[in-house]
Amino acid sequence: MTPGEIKRLYFIIRVFLSYGLDELIPKVKLTLPLRIGRFGFFWIKNQHKGKELGERLRLALQELGPVWIKFGQMLSTRRDLFPLAIADQLSLLQDKVASFDGKLARRYIEESLGGPLEQWFDDFDEKALASASIAQVHTAKLKENGKEVVLKVIRPDILPVIKADVKLMYRIANWVPLLPDGRRLRPKEVVREYEKTLIDELNLLRESANAIQLRRNFENSSMLYVPEVYADYCRENVMVMERIYGIPVSDIAALKAQGTNMKILAERGVKVFFTQVFRDSFFHADMHPGNIFVSYEHPEDPLYIGIDCGIVGSLNKEDKRYLAENFIAFFNRDYRKVAELHVDSGWVPADTNVEDFEFAIRTVCEPIFEKPLAEISFGHVLLNLFNTARRFNMEVQPQLVLLQKTLLYIEGLGRQLYPQLDLWKTAKPFLEDWVHSQVGIPAITQALKEKAPYWAEKMPEIPDLIYGALRQHKFLQSNIEQLSEQLKQQRNKQRKSQYLLGIGATLILCGSLFFISASNRMAIAFMSAGALSWIIGWYKSGKS
């Protein structure tokens, strides 16, 4: 380890011990050196003894800084790996940090765009509008038309910090599987997933492309508005987009004061999510309250505004079908169907015992129906199914983990806005309509429509392809006949050689008998003839 890594590691150890997180170390023989090593830091005391473990962990990550805050936020979505009390505390982590110098931000943007800001923008505000761990946002106006925009710029010092901390995380992850039940936590997978998320968020060209696609998907929609991206000014570390004005969706008091129809707003959140997943196969996977606003206009017919498209997810057609049918089967309590769908989709191994799997699902999920249907959480249904399936060697599906995380956000948000929200009643017609649209005449017609351009392009080639196939067939047929004849001749040769070998063996045996009976002349004759037959047979066998 480098001196810098050692210094950083000491800081992490000091923070963790000052929050009493050494109690997370399992009391097993393997961790004895660690527990003894704890006494080597005897001067660092637990300064937060009155707080619960989950809260102490959250506060420690908050103190360690932005990289660890985002790591904690990601861990809060992995409720299949951690106790709910800890996951709930981690979900409270706020990705808010002090902004860096606006003059530095200006210089950094100018370097990326290749000229002074005044060439493209007026009224650039060096005071950040908002600041987070990865980037911060400044306001300005486009010089060409006076439109208000925001400029998002990556922190210039963030990459070395990310690399150093992720490297330390990997070192820790290499050690965790040695602990009892450590493999179940899949530490390397968790760190790898986090690293990928960070790398994606560091590339604002990726976020720009995501925002452009999401805006196109909801163009002229009455449910969701996505601000316009000005792609000409976007670079890997700078993004320029339309400035929006709205009420943060978490500000319930302001929404009610505005006269917002909370029931419609909550239901639209669910519809927006399922539209993204099942219609578009492209969903915003970071829909926490900080990224969602509500337009000031038409509060009786509320419109969501979505920002920050750095993390998105997608499902292929098969995943969508299995997911929709899983939900429908679950709410119909058809656990056999749920088990079969998991096997058919390849989410669990093909040799899984369906009866055992069905029983395990029933045992875990049946108690859920003790609640009224309106109170059942889709996200926790998925979580229970994934946890059960993992016992049957279900491979982690990253796209489903993202989906489950987003679904939990949407559910929590919907019930915060309108506690009486019946998620199943809102989603069921959507799911059933989508499943029905995938079968029957409409589905066939749609498939033909989608393939029409392909077949129109290939149609002129069909006569040549048929002619080539017929010629190839004739050539293959001729070769097959020749091979068949050669095999026949070879089999005949083999039969002859085997016949001669048999005669040779018989003659040698007879010669041996004559030799025993003292008839030397007959013995020599028979044995010579037998040897000759054997040699000829062996020779022919070798040639064939």
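Just so you know, glycine gets a Cβ as well, placed from its N, Cα and C.
The Cβ of Asp286 (active site, proton acceptor) lies under 8 Å from the Cβ of Asp308, Cys309, Gly310, Ile311, Thr406, each of these being in the same chain and 6 or more residues away along the sequence. The annotation active site, proton acceptor is assigned in Swiss-Prot to Asp286.
Long-range Cβ contacts of Val137 (ATP binding site) within its own chain (separation 6+, distance under 8 Å): Ala128, Leu129, Ala130, Ser131, Val150, Leu151, Lys152, Val153. Residues or ranges marked as ATP binding site by Swiss-Prot on the basis of sequence analysis: Leu129, Ala130, Ser131, Ala132, Ser133, Ile134, Ala135, Gln136, Val137, Lys152.
The domain 'Protein kinase' annotation in Swiss-Prot covers 123-500.
Taken from Swiss-Prot, the feature transmembrane segment applies to 499-519 (among others).
Summarising the annotation, Swiss-Prot assigns transmembrane segment to 522-542 (among others) and lists sequence analysis as the type of evidence.
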Largest CA-to-CA spread of ATP binders Leu129, Ala130, Ser131, Ala132, Ser133, Ile134, Ala135, Gln136, Val137, Lys152, angstrom: 14
Least surrounded among the binding-site residues, given as Ser131, Ser133, when other CB atoms within 10 Å are counted: Ser131
Per-region confidence, the domain 'Protein kinase' (123-500) (mean pLDDT, whole number): 83
Chain-internal residues, separated by at least six, CB under 8 A from Ala135 (ATP binding site): Lys152, Val153, Ile154, Arg155, Glu201, Leu204
Additional residues surrounding ATP, by Cβ distance to the Leu129, Ala130, Ser131, Ala132, Ser133, Ile134, Ala135, Gln136, Val137, Lys152 centre under 8 Å: Ser99, Ala128, Val153
